[in-house]
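A.B. asks: Below is a structure I'd like to ask you about.
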Amino acid sequence: MEENDEEEKTKALFEGFPEPTKLVVGYALTSKKTKSFLQPKFQGLARLKGIKFVAIDLDKPLSEQGPFDIVLHKLIGKDWQQVLEDYRLTHPEVTVLDPPDAIKHLHNRQSMLQVVSDLNLSDTYGNVNVPQQLVIKKDASSIPLKVAKARLNLPLVAKPLIADGSAKSHELSLAYDQYSLQKLEPPLILQEFVNHGGVLFKVFIVGEAIKVVKRFSLPNVSKRQLSRTSGVYRFPRVSCAVASADDADLDPNIAELPPRPLLEKLARELRRRLGLQLFNLDMIREYGSQDNYYVIDINYFPGYGKMPEYEHIFTDFLLGLVKRNKYNNHLTTGR
Ligand SMILES: Nc1ncnc2c1ncn2[C@@H]1O[C@H](COP(=O)(O)OP(=O)(O)O)[C@@H](O)[C@H]1O
Ligand SMILES: [Mg+2]
């Protein structure tokens, strides 16, 4: 009892005396994103550590706001990109997370996964690939022939080529036979469906920090099912479903997380090649294999509210950026 009182007192003391502001973070996020990211617990911890979040007013010039140490953003549109690019030139002392040019790679499902296939990661811990895929820019009637020529195996997942976060960009379907592929609407990507036991790994990356969570995903499609089914079926956003698979009673072969060293190597390389610090990956392990992994999706500034311990990870990350910046400035200016 007494100990609890003591704890309460210490807490109150801290709340009364947060550290002086060390760092001002301007943010430009949609209201939905703001709500899920800037949760009260996170804001509270940030305040204690001397981090202040300030909403950027999009109706006013960015240069007249702040001063900021860091700008966090996730908005789409050419105008905003230009504003940020100009701001980066005139305010080199501000860290813009992340550069708009680098984020652009993730707005197209082909360029998004190109870095993963270029990486060709294969070591003792496993192989990381992208499912076989084909880009269809136009002309739906040509799809069956193109798919046959590329020797893609059915079923195929059809995904809109543009991944800009709009509802339409998440309208995915599963095609069971070649003929029905003509019903699809290009531009899209056709990707081989990889059986993975109905569980997917969401790998969250914040700078050098990595956290993995399990989510329920699409169930395996058996050969028998495939031969008996035809048509194209839209499927809902399974990965968005609230149910986490972290505590579920799953087959250990399906539930085992990807090996840490593999994830570290993958994350480090992708960070470098994409030039991004804030993103997540959807990763699956081929059913029946121990070490064949596929990256199927990469998202910029994902829902960090669902990343375990994001409060500590994110605040430490922000503080670390500024330390590094001060050090770099000191090196260049000699002050
Ligand atoms: N190649 C694939 N093989 C098996 N399942 C897939 C494949 N591609 C996507 N899925 C399933 O569809 C879901 C959504 O696909 P994803 O590429 O992540 O699109 P979104 O941008 O809508 O998140 C995934 O979480 C996974 O359950
Ligand atoms: Mg996804």
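All positions are counted from 1 along the displayed chain.
Placed from the backbone N, Cα and C atoms, the Cβ positions cover glycine too.
Heads up, TrEMBL stuff is auto-annotated, nobody curated it.
These came from TrEMBL, pasted as-is:
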- Lys33, Lys74, His170, Lys202, Asn299, Gly303: 1D-myo-inositol 1,3,4-trisphosphate binding site (BINDING)
- Arg109, Lys159, 191-202, Ser217: ATP binding site (BINDING)
- 120-327: domain 'ATP-grasp' (DOMAIN)
- Asp282, Asp297: Mg(2+) 1 binding site (BINDING)
- Asp297, Asn299: Mg(2+) 2 binding site (BINDING)
A.B. asks: Other than its own, how many Cβ atoms are within 10 Å of the Cβ belonging to Asn299 (1D-myo-inositol 1,3,4-trisphosphate binding site)?
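C.D. replies: The answer is 19.
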A.B. asks: Which binding-site residues among Lys33, His170, Asn195, Ser217, Asp297 have CB under 6 Å of ligand 1?
C.D. replies: His170, Ser217, Asp297
A.B. asks: Between the Cα atoms of Lys202 (1D-myo-inositol 1,3,4-trisphosphate binding site) and Asp282 (Mg(2+) 1 binding site), what distance do you get, rounded to the nearest Å?
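C.D. replies: Cα of Lys202 (1D-myo-inositol 1,3,4-trisphosphate binding site) to Cα of Asp282 (Mg(2+) 1 binding site) measures 5 Å after rounding.
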A.B. asks: Just how spread out is the 1D-myo-inositol 1,3,4-trisphosphate site if you go by the largest Cα to Cα distance in Å among Lys33, Lys74, His170, Lys202, Asn299, Gly303?
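C.D. replies: Per the listed residues, the maximum Cα distance equals 19 Å.
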A.B. asks: When you measure from the Cβ of Gln191 (ATP binding site), how many other Cβ atoms are you left with inside 10 Å?
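C.D. replies: Cβ-Cβ neighbours of Gln191 (ATP binding site) within 10 Å number 21.
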A.B. asks: Near ligand 2, which of the binding-site residues Lys74, Arg109, Gln191, Phe193 have CB less than 6 Å from any of its atoms?
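C.D. replies: Among the binding-site residues listed, not one has its Cβ under 6 Å from ligand 2.
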A.B. asks: About how far apart, in whole Å, are the alpha carbons (Cα) of Gly303 (1D-myo-inositol 1,3,4-trisphosphate binding site) and Asp282 (Mg(2+) 1 binding site)?
C.D. replies: 13
A.B. asks: According to DSSP, does Phe193 (ATP binding site) fall in a helix, a strand, or coil?
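C.D. replies: For Phe193 (ATP binding site) - judged by DSSP and reduced to three states - the answer is coil.
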A.B. asks: How many Å separate the Cα atoms of Asp282 (Mg(2+) 1 binding site) and Asn299 (1D-myo-inositol 1,3,4-trisphosphate binding site)?
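C.D. replies: Per the Cα atoms, Asp282 (Mg(2+) 1 binding site) and Asn299 (1D-myo-inositol 1,3,4-trisphosphate binding site) stand 8 Å apart.
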A.B. asks: Between the binding-site residues Lys33, Lys74, Asp297, which lies closest to Phe193 (ATP binding site), Cα to Cα?
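C.D. replies: Of all the candidates listed, Asp297 is nearest in space.
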